[in-house]
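In Swiss-Prot this protein carries:
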type     : residues : note
CARBOHYD : ASN43    : N-linked glycosylation site
CARBOHYD : ASN69    : N-linked glycosylation site
CARBOHYD : ASN87    : N-linked glycosylation site
CARBOHYD : ASN290   : N-linked glycosylation site
CARBOHYD : ASN368   : N-linked glycosylation site
CARBOHYD : ASN418   : N-linked glycosylation site
CARBOHYD : ASN421   : N-linked glycosylation site
CARBOHYD : ASN552   : N-linked glycosylation site
SIGNAL   : 1-19     : signal peptide
Amino acid sequence: MRVFPTYIAVSGLFGGAFAAFGATNIKGQTKLFGTSFGILAKNASYDYVIVGGGTAGLTVAARLAAQPNVSVAVIEAGSFYEIDNGNISQVPGYGANYLSFNDLTPSPVLVDWGLITEPQDGLNNRQIHYSAGKTLGGSSALNDMIFHRATKGSYQRWAELVDDDTYTWDKLLPYLKKSVDFTKPKDAATYPYDASVYSPEGGPLQVSFPNYRAPCDDFMETAFTKSGLKPIKGLNSGHLDGFAPTTFVINPADQTRSSSEAAFLQEALDTTAMTLYLRTLAKKILFDTNKTANGVLVETNGAEYTISAKKEVILSAGVFHSPQLLLLSGIGQADSLEKFGIPVISDLAGVGQNLWDHLFIFTSHEMNITTNSGVLVDPELLAEAVESYLNQQTGPLTGIGGGVVGWEKLPNRVSFSNSTNETLASFPDDFPEVEYVALAPGSNPASDPLANHFASVTAAVQSTSSRGYVKLRSADPHDAPIININALSHPADADLAVGAIKRLRQIAEATGVRVKEVLPGPEVVSDAEILEWVRNNAVNGYHASSTCAMGNSSNPDAVVDTRAKVYGVSNLRVVDASALPYLPPGHPMSSIYAFAELIAEDILSK
């Protein structure tokens, strides 16, 4: 059983299940001491300098550091989430704490960048808090832990967009497998899976099914079947055309989150000489006169210094901060750089552009069964859940409140315009338009906050056509970038959102356990009323991508090539979701891990 450090940084109800975990590594040393940390405010040099200790960054760092005589430094603006927010990231059931949606105050503040979008025209001028991990593990420490792969056709599209068949399903599958240590379920009838898409060797990332089947899962399987969706053999075989229980990045030994920090970093700290620079802001990538990246200007607690790279700088700061740092370093559209007095190193128009995201919408319902919707707010229910979690590693805290996920192209398209149909036809044939899942925590109405019988039947619109951007707010790296998701700016997305709400209502009715709809409510009927409700309540999908998009050299909007190398300079790569040429369907985590594995292998092959 993997052990976790003992840290005291807990707040409110979410501290209930905090346990005393051991704190020593395989050498008997305390992990927070030793030689794994850089000397702050002192210049130093390494073979590889990685900016951002998130999902991709720690994967690449661990793979590089595992090689003999290779020195690796990771620059991270945050620290260990076990220190900064206790066990809120570790315990799966506490993940709802990150879903602040319309609350513009980030929570917990120490592991979230607190990014706020520009007012969204398509969302009736609302601003959205965009959760993004400011911690080791990045957004893999904050997300809902759903782990599945995209469709074969979507990977084929990736390959076509960048003119490189490395990104087809067959060629990418070894990298999709490489990170994953899959644990088979005890009940294969309840949790179907395809063993051929996992590697028996496995990697450090723990992928499994939860120890606990949420009440929502039973009625959603019934509803999906009655609504015409077909059961499929898991969600990791390149098919998303039906429904199945999803796998999660949860360690089956103790039912804790398996983030890139818990998986890749903890193992690397035990076995490699990786060096961490924590609570350290990367301010600028440094270049020599030949436009070769040779270091990063950083700041820790007001002290500015340089971390030099003898071989490469690898930018893994995420979909918002990677383009921001490129722009601050002189890589981007020349006009926008000159506006801030930033010397142009490489004139790349695509930096910060082409932002993709999904759209999250929901319906809320009162049910005639217990759903565990009150488990995080009712002290008695929480105490019971904590006891089950700590003593048996089961119960509602082992999951996110729902785990059966459905996918489809909307069957009722009579209200779609010809233009919408043409737009949707441009996506790959196996690209689902909508994802469905029922979630219980957080679904109680304000009038009945402690109830335990509500559920949200939710949808994430997948085939979105609205595109946003990331821009500099100023030349000061301390200032957050300007983020505009441009949600619902494309008419096809509006048609899909209205259709998805109608379909959610059908699915909720088909559960057989619904008492009444709470939201949007029976007074919201016409397409115009539904769309207005969506504009007032929908949020982004927290799957932003493609702001440093990959492409071949003939693409004027490409920022990196197919090996993540930034055009116009040398020894600089971008390895995170920002480098994807477009957003594959579903939750992109598995694709990001695979991309990081592929690029790490490419770096080591040189």
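Cβ coordinates come from backbone N, Cα and C, glycine included.
Given the structure is predicted, the values throughout are model-derived calculations rather than measurements.
Mapped onto this structure are the features recorded in Swiss-Prot.
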| residue | record | Cβ contacts under 8 Å, 6 or more apart |
| --- | --- | --- |
| ASN43 | N-linked glycosylation site | TYR305, THR306, ILE307, SER308 |
| ASN69 | N-linked glycosylation site | none |
| ASN290 | N-linked glycosylation site | SER570 |
| ASN368 | N-linked glycosylation site | HIS453, VAL513, ARG514, VAL515 |
| ASN418 | N-linked glycosylation site | none |
| ASN421 | N-linked glycosylation site | ARG413 |
| ASN552 | N-linked glycosylation site | VAL162, ASP163, ASP164, ALA558, ASP561, THR562 |
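Of all Cβ atoms in the protein chains displayed, 22 besides its own lie within 10 Å of the Cβ of ASN87 (N-linked glycosylation site).
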